[in-house]
Each structure stands twice: as C-alpha cells, then as structure tokens.
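Novice: Questions regarding the structure given below will be posed in turn.
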Amino acid sequence: MKRDHQEARGGGGGGGGGGIGKGESSSMATGKGKMWEEEQQQDASGMDELLAVLGYKVRNSDMADVAQKLEQLEMFIDTAQEDGISQLSCGTVHYNPSDISGWLENMLSELNVPPNNGNFDPSCVVLNEQMIQAASSTINFSNSRPNSDQRPPPPPPTPRVLFEDDLSAIPGGALYPQRDSSESQQGENNSRKRMKTSTGSNSSALLSSPLSSSSSAEIRVAGATAAESTRPVVVVDSQETGVRLVHTLMACAEAVQQDNLKLADALVKHIGVLAASQAGAMRKVATYFAEALARRIYRFSPQDSIDSSYFDILQMHFYETCPYLKFAHFTANQAILEAFAGASRVHVIDFGLKQGMQWPALMQALALRPGGPPAFRLTGIGPPQPDNTDALREVGWKLAQLAETIGVEFEFRGFVTNSLADLEPAMLEIRPAEVEAVAVNSVFELHRLLARPGAIEKVLSSIKAMRPKIMTIVEQEANHNGPVFVDRFNEALHYYSNLFDSLEGCGLSPPSQDVVMSEMYLGHQICNVVACEGPERVERHETLGQWRERMSAAGFDPVHLGSNAFKQASMLLALFAGGDGYRVEENSGCLMLGWHTRPLIATSAWQLAAGAGAGAGDSQ
Amino acid sequence: MVVPLNTWVLISNFKLAYNLLRRPDGSFNRHLAEFLDRKVLANANPVDGVFSFDVIIDRGTSVYSRIYRPVNAEEPQPSIVDLEKPLSADIVPVIIFFHGGSFAHSSANSAIYDTLCRRLVVNCEAVVVSVNYRRAPENRYPCAYEDGWTALKWVNSRPWLQSKKDSKVHIYMAGDSSGGNIVHHVAVKAVESGIEVLGNILLNPMFAGEKRTESEKRLDGKYFVTIQDRDWYWRAFLPEGEDRDHPACNPFGPNGKSLEGIKFPKSLVVVAGLDLLQDWQMAYAEGLEKAGQKVKLLYLKQATIGFYLLPNNNHFYTVMDEISSFVSSDR
C-alpha cells in the first residue's frame, strides 16, 4: 500500500483514498497524513501482544520506526524493481525474522552498499564443498564400511533456473573483510573452476547461493520466553491396534510409577502381544519401550555395558541412514566457518570426537577459503576405551592424512576422560584469542552432564574460560529430563515414534543393515531414558527453550544462524530419500530439523555475552 | 480508512517478504519463504481452552492436517490417548479450514493461521481441521483441490468427529484468499460425490478473470495488493498456458460449470471494501444467487485484506459473530 503519496500529490484525495486525514499531525515527521491509528496493546515488556502471538517481536515504542523502515524498503523496491528485489532475496543473508526491526535494518544496511560491485562472493564455494562432503561421505573413515570410498558423490540436484538466478545476483556485502574481497576479483570464473577440479563432478556451482556478510544485528529482545510446556503431537498411525498399543504402554508406565509391579509385568507381556500384530515403526518402538520397561521392572542392570566403540559404530550407521547427524554437523560447521572468518589460526574443541565424521567437511571448506586455509588445530575428547586402545589418536591420524592431501596445516590432540566436567581449560593449551580463534563443538554431549549435579555449570564455566569465538550445540529437541517418570515416558514415546517413523521413510524393505543398526542406536537411548535413574541415566534431553535459558544464565549470547544455512540444510535434505517428510525450521536464530511438524533436533550457536570480554562482539 | 498501526506493520511485512519471494520467471524462492514464515507447534496441552495435534492424512503426498479441539469441561487436561476421543456434545460443527496465501504462501502451522483457527474453535465451539494443502508453483492445479477433497473424505469418515445427535459429521468448510477458492471447488466435488457439506465460508476469496474489473483498476497497489502480484499467483497455480478465465479462478466465467439445480451448500461470502478483488468476489456471490443457491454477502466497507488476522478492529468481531451464527444454525 503506497502510504499516501498519491493522495498528498493529488490534493483532492477523494475516491478510493478519501478519508485520510491530511491535516493530522503525524509522528512520522513526513507531514503526510496517517494511514493508521496508534493502538495501545502492551504487555509487561512493552511488546505488542497481538504480533507476539503471530511470531513477531516488536516493541510498541518501536512500532512507528518499524513502519518507517518498511516504507523505506517499499520505496526502494518500487524504484529498483527486480534488481533490488533480487539483491535482497538472493544476495542478503537474513536472520531471525521474528525480530522485524532487526530484519529490516539488516536489509537497509545491505542496500547502503552499492550493488553490482563486481564481487562474486566465493564463500559460497566453501559451503558448497562442505555440503557435498556431508552428503557423500567419500572420505573412507572407517574400515568397517568397505565400499564407502568407492561410492561417487551423489549428483547434485538437477539445476533449475532458480539457482542460476541466485548466482547471477551480485551480493552487496562480502563475508570476509575488505582485504579479502579485493583478492576475489577473479570472482566467478575462478571459483567455478576451483569447484570443478576439487569435486570432480560436473556440478557447475549450482548448489548454493552467494553469501553476503551481515553480521546480525543482535537485538536483545526484552523478556526471555519461559520454557513453555508444549506437547507437539504428530499422529502417524490412527489404526485401532496402534492406539491400543499406545494406551497399554502408557498404562504400563503408570503402573511402574505406582510401583504396581504385578500389573506392570502383565501389561508388558500384553504389549508384546499387541506389538507383534503391528507393522513398521510402531512395532519397533513398542518393542524397545516394552523391553526398557521390563528392565526397569526387573531392575536388570540397565544395559550390557556396550563399549563405546560399538556405540560409535551404531552411530555411524545412524549417520548414514538418516539426515539428523548430517544436519547437525552441517549446521554446526556453518556457524563455525562464519565465526572463523578472517582468522589465520583456528582451534576446534570437539566434546565428542567419536569417529570424527564432522571434521572432513569443515576441513575441506577451510581448504577452499579464499586467501588460503587457516592453520587448523583439533582437540578431540572421548571416553576411555575398555581395551585401552587410543581411539582418539587413530581418528586424529586419519584426519591428519586428510589434512595433508588438501593442504591444511593440522594439529591434533586427544583427551580421554570419563566426563567433560573433569576437563580443565588449562589442559587444552588454549592460545590467546588474537592468535587463534576457538570454537567449542558439542553434538549430543551436553545433556549427559545433567546426570551429575554441578557438572553442566562447571563445564559451561570452563568453556567461558576458553574464550571461544563460538560455541555450537546440537541437542535432541525433547524434554526427556522431567522429574515425573510417566511424563518422561510419554514424551519419549512420542519423540521416538516420530524418529522411527522417519527411518521407515528412508528404509527399504527388507531394511538395510544401516537401518537396523540405526534402530539399535536409538533403542539404546530409549532404554536409558526409561530404565535408568540417577547418574546412569545420561540421555537427559532437554528442549531448545531450556538450553537457551541455561546458556543465557551462564553468560552466553546467541549467534544467529541465517537463511543461507537454512537453505543449504534444506537442500541437503532433498538429497535423502523420504525427504518429503523432513523439514528445517528457523526458530529465533536457531535451526531445527524435524519430521513433518515435529522438530527432533536443534542446532544453536553461542558467544560470550557482550561485556564478558572476548567474543565476536558483532552486536550493533 | 484507518488501519491500526500494528496491522499495517504486519501486512506490510508480509507484503515485503512476499515481494522477495516471487521471481519474474515464475519460480518461487521456497527456501527463503520457509525460513521467513513464523510457525508454531501443535500443542496437545490446552491453551485458552483449545488443544491441537497434527495428523498425516495422506502418506503419499505428506499432506497433514492440524486438528483443533475445544477442551471438554469435564476433562480440562486431555491425555494423549484422548486426542481422537469422540465428541461429547449433541451437535459439534467441524470446520475444514483452508489457509490463505494465494496458493503459494503459508502453511497450516503458520502462526497467523494457527491463531485464527484457535479463535474459530472458541467462537464457534467447533472442531477445526486445518489442511496443509500442497502449494504452487511446485504443485499446480488441481493439487490443492485434490488435497482438499482428501481432507473432506478423511473428516467425513472419522467416527470420532460425528455429532452424537445423528452420528454424522457436521461439516462446514472455510477459507481465506486462496483457501476460499479451494472451499468452492471442494464443495462442488462434494456435491458430485454425495458428501454433505452444511455450509461454505469464504473470507476475501481469491477469484479472477481475464477482464480487469473496476475495483482492480481503482485499488491497484493502494492497499497492499497489486494486479501484478495477483497475476503472478494465477500463473503459478493454473496449468501452464491457461488464462484467467480458467474455471479454477473464474467459476462463473465463460468456462464455468452451472450450479443450477444442484444441492450446493449455503455460502457466507465476506468481502473487504478495500480489497481489489471485490468485484470478482461479488460476482461470485451473484453467480451463486443466480444459480438459485443460498448465499449471504457480508460487505465490510472499510476493511483491507487480512483484517481477520488481528482482533483489533470491529470487522474482526463482526465476522466472527457471523461465522458463529452460520455454523450454529442447526444447533
């Protein structure tokens, strides 16, 4: 709606525009009539309540200013037309759309840089490479998967016009500071050539969009959202038997909670009968939950203490079968890459190295950085091995070999520990922030610390002492740590039902070994959530909302993941069979991956709070 | 014509975002669209008397619907097993809702529509089933209609949605913008197939034709919407090469099918006086009338598009009351 340019010019203002008060004074200082009335809908924190319900955080005091920004952008689009639009939609990286003011400000500041300054931002190369790596697992990382290095990378999606448009838009800013952008004068041709040689495929750079800088305007929104208690339920199976199975499972959990073990025992057996007549995901889930309940009832030692290397293998199959871990690695790497921009020495501390699957892609991406890769130091942390082998060192060695082939200066150190809480920052030999940028990475590790009082606090405090540029956290998006057993059980039942259902989607019949082992991996988690208590219950998943509160209270500020990460994660998903059901969602700067409408894992990134000293300090 | 400031901000924000998403070649920046869309989770815990959950109604197309139910006075905290518990009242209207977005934008779990559906539940004491139909340009005509039809069959066949009084599901359909258009076409199919729909509610429904009407010309670009963007959405939805006299957008146009003599549901058509499509919407209402069908036209002179998204204006309350009466006429 053109606010009232026509009416003011036309003077008469009858017809369709009639009724606009031209004589009214306006706080907008344009002197033109108002098209709106100020409304007072405040809540305690000064936010507009009605917009808040719709997912937008706008302070009442900012409303007029936001309106003005909207007008400015509208005018820009009117004049610049398609070029302007394509700059904003392809060139700009967007962050946190809930913060309308910040979103608009971001675009306005993009527009202050003249478009078409001739720099094709080659950082898209970097991410493109990462994504191909993530999708193709061409690095043979384990001896137990003999064919993985023969498999060629999957062909990228058939290029469609839209990608061409994305690339032809010259972005305004650049991800790297001025000195780097001058080095990328060669721009487009070079980066395409570079991609062709390194991937060996004939994807001509059509998998990504150009990036531009945009350190996000970190507008701290007043009033932290309390962890809401939401029960998102996606019903996949409405069949009669499925429903009865769920009822019986819940009744059994109830009986267990009330210590009515005789009833519980009878119900567990009944579950077995019902499950046998089910098919697919529901049967498997029910079976695992029933087994876990049985263990709890009979107080079996929770799990044969399977050694962690076996567990790592199960996780690798999970990695292959479905996109959750790949998404986790991909999005975390994205944030780390952006945080490492401009640094010549970098240090990643991985809280759970396992087979190191996250790092080849990051290393590849760093190798392709314009201006050359930084020196890359990796500290990998892991549990002691029962047979005393140095698993960490083996992984480090393989990564070192990779580093050599791609020309990245590499240093590795492994730390064996039973608990992250036993680590002291001094052990890690952190170098000063000016010398080396530090990233701390935790994929599905932090929740384990909640099993010991004081552990998480200690670890977060240690992390602060490491003065990281960024901390990336990936966690299951569920509350499996509530105090009431039955609630926990029900939460887990729904969570794992959705998860198993998604595995069903990408499975073949009969299911591949990968799928079977993925299910065992999850079954192991189910058993821990249901059958264990105290320090043994380590699968204490908590929601993003809960982690946000904890991180905020510990002195961390969010680092937002943007539309570029979102897009590439979405494209990564499209490479998976059953991709239809997977969805990426943006949630106030974090990214979540879910199955249909149920988010299942969440990636968030953090920096030390402003005023806490070192850190990105990107707040504007 | 005064629009509350926060409404102006909300709709302008959408307009700006939507401008970024439509490409001149007819393609759509879906990733950015999904990134920008504010979504909310279903919530089986009641909030303000309403709880919701999602059901996948077609595995093949991944189409789901979000079901909203009012909380039962006797059971303020439904357990997970109660989600599909039979309705307890004698007559409960079940409103199948199709969200707007010009066939290309939004989802059933978009915050604006989740909120609207919750308000409908409370106002009408109804169950609402919001359909996450497939969108253009990736899925052109007739996908959205097919998904609507699938949803209608699904709703009609749920024993737990039946009203106690006659063991039948009391079905109404409602939709705004493209959703309103979908309501019409699904209703036609319903009549052809013998499923009874008790009423259609069309809020600012999206219709068009080749000719440019007076309201389109007069209001082009004045209140958030342009002829150009409307054209873009029809090109994205209609089969390639078709023009706007296709019966999908112009059901009473040269290629339309007569509704005379058939038992079409009664219709409530809500038209905003500042919507450039009003001539088409009123022509639709007229077309129903001429075909001998029952229609009530509610013309809101000072309303713009999207007025029903925020309860900060009289039109909102007027329309909510009308809808409530409309679905309660057989109670």
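Any Cβ shown, glycine's included, is placed from N, Cα and C.
Small disclaimer: the values here were computed from a predicted structure and weren't measured.
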Novice: Motif 'LXXLL motif' per TrEMBL: which of the ranges A:321-325, A:366-370, A:446-450 is that?
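Specialist: Comparing A:321-325, A:366-370, A:446-450 with TrEMBL, motif 'LXXLL motif' matches A:446-450.
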Novice: Of A:262-294, A:394-426, which range does TrEMBL call region 'Leucine repeat II (LRII)'?
Specialist: A:394-426
Novice: Which is it, of A:166-170, A:346-350, A:516-520, that TrEMBL names as motif 'VHIID'?
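Specialist: Based on what TrEMBL states, motif 'VHIID' spans A:346-350.
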Novice: The region 'VHIID' (A:315-380): mean pLDDT?
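Specialist: Looking only at the region 'VHIID' (A:315-380), pLDDT averages out to 94.
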Novice: Work out, from DSSP, the number of helix, strand and coil residues along the domain 'Transcriptional factor DELLA N-terminal' (A:48-115).
Specialist: 49 helix, 3 strand, 16 coil
Novice: What are the DSSP helix/strand/coil residue counts across the region 'Leucine repeat II (LRII)' (A:394-426)?
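Specialist: Split into helix, strand and coil, the region 'Leucine repeat II (LRII)' (A:394-426) gives 18 helix, 7 strand, 8 coil.
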